[in-house]
Amino acid sequence: MQKIKLGRLYLVLIFVLMYAPIIYLIIFAFNQGDQMAHFTGFSLRHFREMFADHHLIRILINTFIVAFLSSILATLIGTFGALGIYQIKRPGIKNMILSLNNILMVSPDVIIGASFLILFTLGGISLGFGSVLLAHIAFSIPIVVLLVLPKLNEMDTALIRAAQDLGANSQQVLNRVVLPYIWPGVIAGFFMAITYSLDDFAVTFFVTGNGFTTLSVEIYARARHGIDLSINALSAVMFLFSLILVVIYYVITNPKYNKSGLKLRRRSAMKQRGGIQ
Amino acid sequence: MNNNRQTISYMVPYALWIGLFVLLPLILMVTQSVQNIHHQWTFVNYTNFFSSGTYLKMTFNSIFYALLVTFLTLLISYPMAYILSKLKHSQFWLLLVILPTWVNLLLKAYAFIGLLAREGTVNQFLGFMGIAPQQLLFTDASFILVATYIEIPFMILPIYNSLAEINPSLTNAAHDLGANAWQTLRQVIIPLTLNGIKTGIQAVFIPTLSLFMLTRLIGGNRVITLGTAIEEHFMVTQNWGMGSTIGIILVLAMALTMYLTRDRKKKRRLR
């Protein structure tokens, strides 16, 4: 009994520590004053200021445009990539492609950012919206592949053969049998790609030029100058948005998927699976 | 579906992606690392790196701090994962562990600026306790604290997964054979969760080596990680050759970490 109590206490303590900074941040978004130390009274001032800040709103819109566009394109390329990998018969080639697929998952963000910076500069792609979009598509593709491929692997091939026996051509097999079956994986991949894109700082930081910024980069720039409570207001809005995304993600994907989703949460956490087959 | 031409057409954008965004950037990074500022081919970056005390010390420090953070994370996370695995609605609690990882990393770091600043909340509390205001922000300790805070969920998850996979009859058997709780933990549970621990180490150690924004925002440039050095060379001094060289060193450190913490049992089973 004593032991269980001690365990509960530890659990509560760690959860409090984990959530304290986030709650602290959000509480001070409602502060009347300008500091994150003294709570002088409730006010929505910083929210008003945030929404009146055209520069910030534009960055917010930029961030979402990049997230949606990059996720859609990455989902398309990644899904067809997974379909291609699925059909490769020789295990050697398959494993090689899977390892290449995982390189961007396991590489530290700094390496991805720096190497993309070299790539874009030498390739003559000017830094800005285009380079950020390309970078986000690039690092989202393997996530989509890793969420779609297990769905393909668990699909019963008898389904495909039956469709072919009934006279379906390959286009029909794809549209009527395969795609509906892997759809939950595709959607999960899309959502995961959005959150990766919204979350990313390090890669974006390397490939943004002077004119274009996303939210993370802007927060970094402002945080270097010290406390600015409009960041708190922003973080409250972002937290709410993340919460909504989490709920949608968990509603759409079935429990079995959650587990792989959790594992995917961090690129580097992927190493654990040592090549996903 | 078995149409070969169709397979190829599926693969074209994906194959292009592998070529352009996976292989080419790595090749470019390697070629940059063997060029000096004037784009002449030379190994000067590598010789500089290995002959300079500053770079070696920086690398050593970076590894030391990352090891410390990994160790602290493990120390906090293992009991946490263990308790979580014993709970009834553990999936719900696990979701609570994951939720903070959906909050932008920058925002979490920013929260700590408010907490640890000279006029910040922690200092107010310390003042209340009668301990004069301390310099908390921009110290090594603050870097370690915030890095540990950020990495905890990534350590809890893999350990929890490996704990959840343990067959309860194994621990029951240990009890029946007369092992006390401590012996069961040491001789049954920890060995069985070794792979989870290794995965957690991978998921924490390598990102900590490359956390450059934390060193700037929280560490006040006192702690220089390999990631910070790369960022510095690419964005500030524009010495891409040296930056790439450090990048290659980081990749090698990553490969070594993954080799040391690889899943040995799985390999044996495959053979």
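Numbering starts at 1 and runs along the chain as it is shown here.
Placed from the backbone N, Cα and C atoms, the Cβ positions cover glycine too.
Per TrEMBL, the feature domain 'ABC transmembrane type-1' maps to A:60-249. Taken from TrEMBL, the feature transmembrane segment covers A:9-30, A:59-86, A:98-122, A:128-152, A:173-195, A:201-221, A:233-252.
Ranked by the number of CB pairs under 8 Å to the transmembrane segment (A:98-122), the listed stretches A:59-86, A:173-195, A:201-221, A:233-252 are led by A:201-221. Among residues of the same chain six or more beyond the transmembrane segment (A:233-252), those with a C-beta under 8 A of the stretch's C-beta atoms are 22, 25-26, 29, 46-47, 49-50, 56, 60, 184, 187-188, 191-192, 194-195, 215, 219, 258, 261.
Within its own chain, the transmembrane segment (A:128-152) is flanked in space by residues 62, 66-67, 69-71, 73-75, 77-79, 81-83, 85-86, 101-105, 112-113, 116, 120, 178, 181-182, 184-186, 188-190, 192-193, 196-197, 200, 203-204, 207-209, 211-212, 214, 257, 260-261, 264, 267, 270, 276, which lie at least six positions past its ends and keep a Cβ under 8 Å from the stretch.
For the transmembrane segment (A:173-195), the residues of the chain that approach it from at least six positions outside its boundaries are 67-68, 70-72, 74-75, 78-79, 82-83, 140, 143-152, 155, 159-160, 163-164, 242, 245, 248-249, 252-254, 257, 261, 264, judged by C-beta separation under 8 angstroms.
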